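Undergrad: A single structure is presented below for examination.
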Amino acid sequence: MSNKKADSKPQSRYPVNLLDTPFPMRGDLPKREPQWVKEWQERKVYETIRAASKGRKKFILHDGPPYANGDIHLGHAVNKILKDMIVKARNLAGFDAVYVPGWDCHGMPIEIQIEKQFGKSLPAAEVMQKARAYATEQIEKQKVGFRRLGVLGDWDNPYKTMNFTNEAGEIRALAKIMEKGYVFRGLKPVNWCFDCGSALAEAEVEYKDKTDPTIDVLFSFAEPEKTAQAFGLSALPREEGGIVIWTTTPWTIPANQALNLHPEIVYALVDTPRGLLILAEERVEACLKLYGLEGTIVATAPGAKLVNVRFNHPLASAHPGYKRTAPVFLGDYVTTETGTGIVHSSPAYGVEDFVSCKAHGMADSDIINPVMGDGRYIESLALFGGLSIWAANPQIVEALQGAGSLMRTEKYTHSYMHCWRHKTPIIYRATSQWFAGMDVKPNDTDKTLRETALEGIENTAFYPAWGKQRLFSMIANRPDWTLSRQRQWGVPMAFFVHKETGELHPRTLELLEEVAQRVEKAGIEAWQTLDPRELLGDDANMYEKNRDTLDVWFDSGTTHWHVLRGSHKDELQFPADLYLEGSDQHRGWFHSSLLTASMLDGRPPYNALLTHGFTVDGEGRKMSKSLGNGIDPHEVANRLGAEIIRLWIASTDYSGELAISEEILKRVTEGYRRIRNTLRFLLANLSDFDFAQHARPVEDWLEIDRYAVALSTNLQNDILSHYDKYEFHPVVAKLQTFCSEDLGGFYLDVLKDRLYTTAADSVARRSAQTALYHIAHGLLRLMAPFLSFTAEEAWKIFQPNSETIFTETYHAFPAVPDAGALLDKWTLLRAARSDVTKALEEARVANLIGSSLQAEVEIRASGARYDALTSLGDDLKFVLITSAATVVKVDSEAEEAVEVIASKYLKCERCWHYRADVGANAEHPTLCDRCFSNLFGNGEIRSAA
């Protein structure tokens, strides 16, 4: 820094070295921050950082793409700022830490927006054109918001899943996993949203309470002789009755095709006024009570004995369309926790039902599937054709009542699947889809996808550690991945399918590459406009284009393929060092990325996963419009500053929920002011210091200065170990403690006398400034990852010839040879000082003294404390900030004490110390000898403080 004082002030007769700085006390963050954002863009600071970091070891934090729809919210701010802090910390640690932001662009939310604005009848080409334009507009809007938060990155060259290169890359990734044998087509129940008109990924399902009618339904005996044999009877005592099921989905009854019993559960044949009822023995008493019946158990048998015994459909007497029977199949998933211990099976609408029926030999063509994609029954369905399944529920209950099959019904509130976009109930629905098989063994390894992914989890670092088990259990238990979707705005599964057999064209892999080349030039629109004859020639008449698009989780889940090794391969690399997202992404981006990389590369695309929690209000409640407790990051940035948001995030343990409220923000703002005041003191007292000209070597430093630098070095090492583990809240806590207690409450307080009163160019003052110079260097760099605006503002004053603090690396503190001994000694001294400070406060309360400088103290000390105190000699009073200090040796800690007396001497006009030599010089009657020497003589000699 220059040796010029910042402002000229009226000169005192006896001036002190009281300097100023252009670094203001008030941050005025809402006004200054946008200026820094503008300057960083205009000066291309991100590019400057890249140039400075070139050749270093790379560190890649791969950005999980937010969806290109809507304004950024507080969750976005948390996510992007955490990423920004890590990237900046890694750059400062000496890495080439690149940050390429990205956006997820295809899929339902944008398609819904286009439908809202332009209706549902637009041609596909127009939907795509408008979807691209809409996504581009949303990206630009979000980009401005992220930059405003101080996030540095390659904003002018982000990745977008809708860029032609990326769309083509997805098609090539699909071809690769097909080549390996992971992809198959089949009929399976998948999560289906009627409003989307499409299958949903597991990550697109949320659970909310829903109230439905539950029903206990009687399936009458169709094979009484076989039933009797199963129970070890020669014949049934009576013909009336049957087997009873319980379900929360009456709408599935028309599609019933089987009944499931557990092979080992004991079932009872119970004689009741309603006939013979088959129930799980454990549930007999509870069920009869609910039905208002009494009964006697006639016989019992394990479920295995009843296999393949048939029962009549409960609506058989209501309409000929239901004159069919349901066989008993066995299933280990059946329990006796609720219901009757018997599960009715509609294989089109339940995963376990489907698996059970298929395992018992049911062909796909035999599966009854009357629910259409919009949630209505097909018109030909008996009794309920054309009705919505939800509207049909009460009518089905009524029809069962009329048929004599209804044992009981009541309303039941349970946690039920909903679409995360439409917030409407969804169902399992069997459709013909393309899947990636979790338990398929590909042709290049003997491990299944599930095994490869689970092995990859074992080799991944998790922050926090509990994320490992969460992801592991999800992968271990998940079904096959439904890759296909029935939408327009998405990357096509660009297959040609035989019109009669449904088989893929034998040249599918080759054709996918040809389509990818066209998409690379013209986008996915190239597939929509493609005439099959262009690629198939004479085969075109036998094949049709597959109309399915890829799950958008495949879009983002393959960014390690089409971004890290595709569109941005020159900047990025595979695998990424870190993926960082909210805890919901264990079933989202972390999950899909793991599966695609396991298929493509046999390993995860990341070396480590970091998970952060969600934002809640001060009372721990989830933020919602209905509660009115949401906090808009733009509003906070414009009112308090983005720096306050950044400091709040950094100071909160992100591994759990991140609580925010006006009271919390107020506390964060107060903490920010303390840090800013510390910086202002440092910069002001370095404003006449030029390192090249004024710095003193370590051997010339006063003891307390060596201690302060040794303490700062330890702090930096401690903080860097936290940065290495992506732990920010301990960093903030320790920096704030350092600023308020180690610096403000001790070192800087002690230093003021030396900085202000010794000769401007004295060894004592330059020693202090040299230490402050190193402390400022260290502190600014340590805080730069989270207080980026403030660190840059201070840095430009501190080091005006440097382009930006973000091209620096962490400060190399000079080695202090006696650091260990000093740290031990000054720990003792600070403890003694605390005792003195307490005694001074008691004296002040008793009106014995005013300021501490009015006091003289006598310290009675023993052992190491005595040695430490006496080693400072006459400098002890400066450490205690008293006018005089003496130390008396005692034999034990029990005898230790502090005595305070008011000084009887005059106060020096300049240094405010009370000294016997004030007025000793007749020409300067208000000065002490120390100040006279500092102003007009050779200056005082300091050794310790």
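Each residue, glycine too, has its Cβ placed from N, Cα and C.
So Swiss-Prot lists these for the protein:
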| type | residues | note |
| --- | --- | --- |
| MOTIF | 66-76 | motif ''HIGH' region' |
| BINDING | Glu581 | L-isoleucyl-5'-AMP binding site |
| MOTIF | 622-626 | motif ''KMSKS' region' |
| BINDING | Lys625 | ATP binding site |
| BINDING | Cys908, Cys911, Cys928, Cys931 | Zn(2+) binding site |
Undergrad: Among the binding-site residues listed here, Cys908, Cys911, Cys928, Cys931, whose Cβ has the fewest other Cβ atoms inside 10 Å?
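TA: Per-residue Cβ counts within 10 Å for the binding-site residues Cys908, Cys911, Cys928, Cys931 bottom out at Cys911.
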Undergrad: Please indicate, using numbers and ranges, the residues of the same chain that are 6 or more beyond the motif ''HIGH' region' (66-76) and have a C-beta under 8 Å from a C-beta there.
TA: 103-105, 107, 109-110, 113, 135-136, 138-139, 141-142, 145-146, 160, 582, 614-615, 623, 630-634, 660
Undergrad: In the motif ''HIGH' region' (66-76), how many residues does DSSP call helix, how many strand, and how many coil?
TA: 3 helix, 1 strand, 7 coil
Undergrad: Specify all same-chain residues, apart from the site residues Cys908, Cys911, Cys928, Cys931, whose Cβ lies within 8 angstroms of the center of the Cβ atoms of the Zn(2+) site, ordered by sequence.
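TA: Same chain, not in Cys908, Cys911, Cys928, Cys931, Cβ within 8 Å: Thr757, Glu909, Arg910, Trp912, His913, Arg915, Val918, Leu927, Asp929, Arg930, Phe932.
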Undergrad: Reduce the DSSP letter at Cys928 (Zn(2+) binding site) to three states and note it down.
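TA: DSSP call for Cys928 (Zn(2+) binding site): coil, neither helix nor strand.
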Undergrad: Measuring Cα to Cα, tell me the gap between Cys931 (Zn(2+) binding site) and Glu581 (L-isoleucyl-5'-AMP binding site) in whole angstrom.
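TA: Spelling it out, the Cα of Cys931 (Zn(2+) binding site) and the Cα of Glu581 (L-isoleucyl-5'-AMP binding site) are 60 Å apart.
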Undergrad: Expressed to the nearest Å, what is the distance separating Glu581 (L-isoleucyl-5'-AMP binding site) and Cys908 (Zn(2+) binding site) at their Cα atoms?
TA: 61
Undergrad: Specify the count of other C-beta atoms within 10 Å of the C-beta of Glu581 (L-isoleucyl-5'-AMP binding site).
TA: 20
Undergrad: DSSP on Cys911 (Zn(2+) binding site), three-state: which is it?
TA: coil
Undergrad: Need the DSSP three-state call for Glu581 (L-isoleucyl-5'-AMP binding site) to compare against my parser.
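TA: Reduced to three states, the DSSP call for Glu581 (L-isoleucyl-5'-AMP binding site) is strand.
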